[in-house]
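So that you can see what the record holds, here are the features copied from Swiss-Prot:
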type    : residues                                                                                 : note
BINDING : Ile23, Arg24, Gly65, Lys68, Thr69, Thr70, Glu131, Asp132, Tyr133, Arg174, Tyr184, Arg221 : ATP binding site
BINDING : Thr69                                                                                    : Mg(2+) binding site
BINDING : Arg313, Arg318                                                                           : DNA binding site
REGION  : 4-184                                                                                    : region 'Large ATPase domain (RuvB-L)'
REGION  : 185-255                                                                                  : region 'Small ATPAse domain (RuvB-S)'
REGION  : 258-336                                                                                  : region 'Head domain (RuvB-H)'
Amino acid sequence: MLESDRLISSQSIVSEDAMDRAIRPLSLSEYVGQDSVSSQMQIFINAARKRNDPLDHVLIFGPPGLGKTTLANIIAHEMGVNIRQTSGPVIERAGDIAAILTNLQQNDVLFIDEIHRLSPVIEEILYPAMEDYKLDIMIGEGPAARSIKLELPPFTLIGATTRAGLLTSPLRDRFGIVQRLEYYSVDSLTQIVARSAHLLGVPTKPEGAREIALRSRGTPRIANRLLRRVRDYSEVKGNGIITVDMAQQALEMLEVDQHGFDLMDRKLLLAVIEHFNGGPVGIDSIAAAIGEEKGTIEDVLEPFLIQQGFLMRTPRGRIATSKAYQHFGFSAIEQE
């Protein structure tokens, strides 16, 4: 099973991109949640605009689906400049990054998603570009190779990553502003769902929006996806208005429970509790019990369960917590 196959996946899906752009906020005043990040960025942006300088290079990191791309677009909009978007895996050759950099205008924003996947060769080119706005690349090979030095207009590089630990120290140290995005509160997600519903023309009661928010795993991308599915259900099974009852019925049909768990989350937890007496149990045994690959369990299923306190990862194996027992209505077994 792939992460993108799940309804509650926080990964981006190509078919949703156009709709996501339609409901994406364009200014910090519309950007719900991440209050500390918003207030800091507002000050940095205002200061840069007063000086007519480019904003310092910005690194944004955090789990997928929390709005890193949205924040990058907001920064460019607030600065009143253009944004050029690309991603780490796409930039394969020195000529690729050179073409992008030489086409930037003064104070423009270059946004690189998945920046941790840049090759070392590309990183080496970025260092002088970020520090001195100079491009130094080699053209040709062997005896015919020659170095070309170009002046670049001042610009802002915004890098986004879900895995900040994979960034090399020299690259990470060149970002003057580093922002971490956290999972959203239910109140913030409720505001996001209500705003998206309004923009999509979906009549939604406040309680209906909150019910969707409760099951969205702290992630706006999931909240907006669930909103679209609940909208479909309400139009077919109801009168098109999303009430709390309609949201509950739709999400129960979609097998997304009150904690945002789907069938695979529940299957994993129940396997640990029922098959292995709550653990500790090794990852290979869990994989065999639920018929999933070890990598899928470690990368797709476990992180949210651990983050929410339903599962513990210990040197002896995985252990279901008392919170997991309570979720399924079991009495917790005393762990040694």
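Including glycine, each Cβ sits where the backbone N, Cα and C put it.
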#### Entry: Secondary structure content, the region 'Head domain (RuvB-H)' (258-336) (per DSSP, counts of residues)
41 helix, 9 strand, 29 coil
### Task
Express the predicted model's confidence over the region 'Small ATPAse domain (RuvB-S)' (185-255) as a mean pLDDT, rounded to an integer.
93
### Nearest-integer angstrom distance between the alpha carbons (Cα) of Arg313 (DNA binding site) and Ile23 (ATP binding site)
38
### Query
Of the residues in the region 'Small ATPAse domain (RuvB-S)' (185-255), how many are helix, strand and coil by DSSP?
52 helix, 2 strand, 17 coil
#### Entry: Greatest C-beta neighbour count within 10 angstroms, which of the binding-site residues Tyr133, Tyr184
Tyr184
### Entry from the binding-site residues list Gly65, Glu131 having the most other CB atoms no farther than 10 A
Gly65
### Message
Given a separation of at least six residues and a C-beta threshold under 8 Å, show me what packs close to Arg318 (DNA binding site) in the same chain.
### Response
Val272, Gly279, Pro280, Val281, Gly282, Ile283, Ile286, Glu302, Leu311, Met312
### Message
Based on the record's binding annotation for ATP (Ile23, Arg24, Gly65, Lys68, Thr69, Thr70, Glu131, Asp132, Tyr133, Arg174, Tyr184, Arg221), what whole-number value in Å is the widest Cα to Cα distance?
### Response
37
### Query
Got a sec? Which of these binding-site residues, Ile23, Thr69, Arg313, has the most Cβ atoms within 10 Å?
Thr69
### Task
Could you tell me which three-state DSSP class Thr69 (ATP binding site) falls into?
helix
